[in-house]
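Peer 1: Please see the structure below; I have some questions.
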Amino acid sequence: MATANFGKIQIGIYVEIKRSDGRIHQAMVTSLNEDNESVTVEWIENGDTKGKEIDLESIFSLNPDLVPDEDIEPSPEIPPPSSSSKVNKIVKNRRTVASIKNDPPPRDNRVVGSARARPSQLPEQSSSAQQNGSVSDISPVQAAKKEFGPPSRRKSNCVKEVEKLQEKREKRRLQQQELREKRAQDVDATNPNYEIMCMIRDFRGSLDYRPLTTADPIDEHRICVCVRKRPLNKKETQMKDLDVITIPSKDVVMVHEPKQKVDLTRYLENQTFRFDYAFDDSAPNEMVYRFTARPLVETIFERGMATCFAYGQTGSGKTHTMGGDCSGKNQDCSKGIYALAARDVFLMLKKPNYKKLELQVYATFFEIYSGKVFDLLNRKTKLRVLEDGKQQVQVVGLQEREVKCVEDVLKLIDIGNSCRTSGQTSANAHSSRSHAVFQIILRRKGKLHGKFSLIDLAGNERGADTSSADRQTRLEGAEINKSLLALKECIRALGRNKPHTPFRASKLTQVLRDSFIGENSRTCMIATISPGMASCENTLNTLRYANRVKELTVDPTAAGDVRPIMHHPPSQIDDLETQWGVGSSPQRDDLKLLCEQNEEEVSPQLFTFHEAVSQMVEMEEQVVEDHRAVFQESIRWIEDEKALLEMTEEVDYDVDSYATQLEAILEQKIDILTELRDKVKSFRAALQEEEQASKQINPKRPRAL
């Protein structure tokens, strides 16, 4: 039972307490401290147990029902705020409506009061009672208490330190408030989005920030999806663009999307996404690598296949993340994930359990541009991707360079980056137009032991974010959209252990086939986003794509929710085949599978366009290959014809033999050239079909991302 000094306070009950920032919430009493007349309370906040020592006056001022019966109740204070303001919650799609433009934010005007209650109002209450003519039956002792206040109590050192810190905090907050008001006055006249900026600032002020740190544990994921935010660049700062991305914790990303009502009132649509990791604009490449690609290095030493790729809008930081710091077309390769992964590979080779395996390290670097593969380490030679009888994908002619140290890897990366396809867009002066694939390969006695594929994807808005709309631009956009769609479905198949992986739908997934098949395969996706308000739509597209990828791996038991082809009745399958007009080749079957599983993103017209592009690319490769063969054959024809002409110089040459051989050469020429001409005609017809299909695409359909 509690003593008289503690009134009705007992261990185990819940009392209202006031935090140093002004918040009031409940906490449980865990101990009663008679030596300094205080109580110790505990509460749970964000999953952590916190505690605090509070003097009795502060407890009684907020909990008058616990005051001892013989004591005078302290003056009532302002009632605690509603429960909605006690706990800061991150609410998805929460709207913040604009207030009066010149009103300062309510949070910044709040001055935190002292932790100890002041009974200065008691004499005023007494005099007020006397003026009203009321008679008071108060004992002399109680009158003394009322006149001079409660007797002074000794403060503990802990309370004194807290009060000092609180006083400094109050001064600092007042200074910051004055500085914010001064800045607000300066920005108000020039920034057209000042109203939105104030709403974002007020919303951020209500959040509890716990960003990712190097001390946080690294979780094991077969499929890891994370997001990285870059800071505002010089161009965005000059344009007075606003930062609309907030990362309050290690796995949450919030987008403050500005919107406008019918009555022109502006408000924020605060959308929340959750991933495995979220990196803010202060996170360096080393920290991103620590949580993403570094856990995958050991996988390749255990005879596994690992894949790490950067995905996002043009100019959002993909090449910076994978390749290193960029300055125009120059790049510091030593600070990218390519080099950091190579460094750890060579460190792992020195471990005793791996050193005895006598592994050799090789590296390849190639790019995929408009459905074609080019070797970046061999003067950008065009390569062919074929599938052998064992259903193994082979990149014919791809050079593997043996590397002995990190410096060798940096040289190869520098060679590859110097000849990678790039161009100017509205987002970046040097934008990557292709998917760049850098592979670290481990071989043991010539046989493949493990492979780590690091991919810098092209911009996900490439089909729309260029100044022209010619055929080359359409091919770039079609191939990028198709490859990203196929990549998502391959990750779906990997996460759910599906029997079929639609890797043939694009060149990117075709060359990465072995990374999506097998029990010891792991994948990491780094979605890079731009913070500016002008990039809000592309940022949301990137986050939704990454969110769909992660949703597929949250619940492995939800495999039945997927809509495979077998979910359609047989008659509906026939209708779909008629609607899509698909042939029976493996590539088209996989493309059809992608479109049927993503009907909300891919319209029948868009599928027809993708099919026309695929057919055109296949025919282009065949025409070029046949033309090269005809050219080689023409050299032999010239030699044969030269021999025939030399034969006619003789006095008694055989005329019948000459005529027979010449006729044979001409017939062979006619047959081969006629066949080539027919293929060229078909190829030109395919070009026309592609152009017509591009005009039939419904612009209101979502992009196939």
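Here the Cβ of each residue, glycine as well, is placed from N, Cα and C on the backbone.
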Peer 1: Would you mind telling me which one of S75, S585 Swiss-Prot calls phosphoserine?
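Peer 2: Going through S75, S585 one by one, Swiss-Prot annotates S75 as phosphoserine.
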Peer 1: What range among 419-458, 499-538, 619-658, 659-698 does Swiss-Prot record as coiled coil?
Peer 2: 659-698
Peer 1: Which value does the mean pLDDT take for the coiled coil (153-186) in this predicted structure?
Peer 2: 71
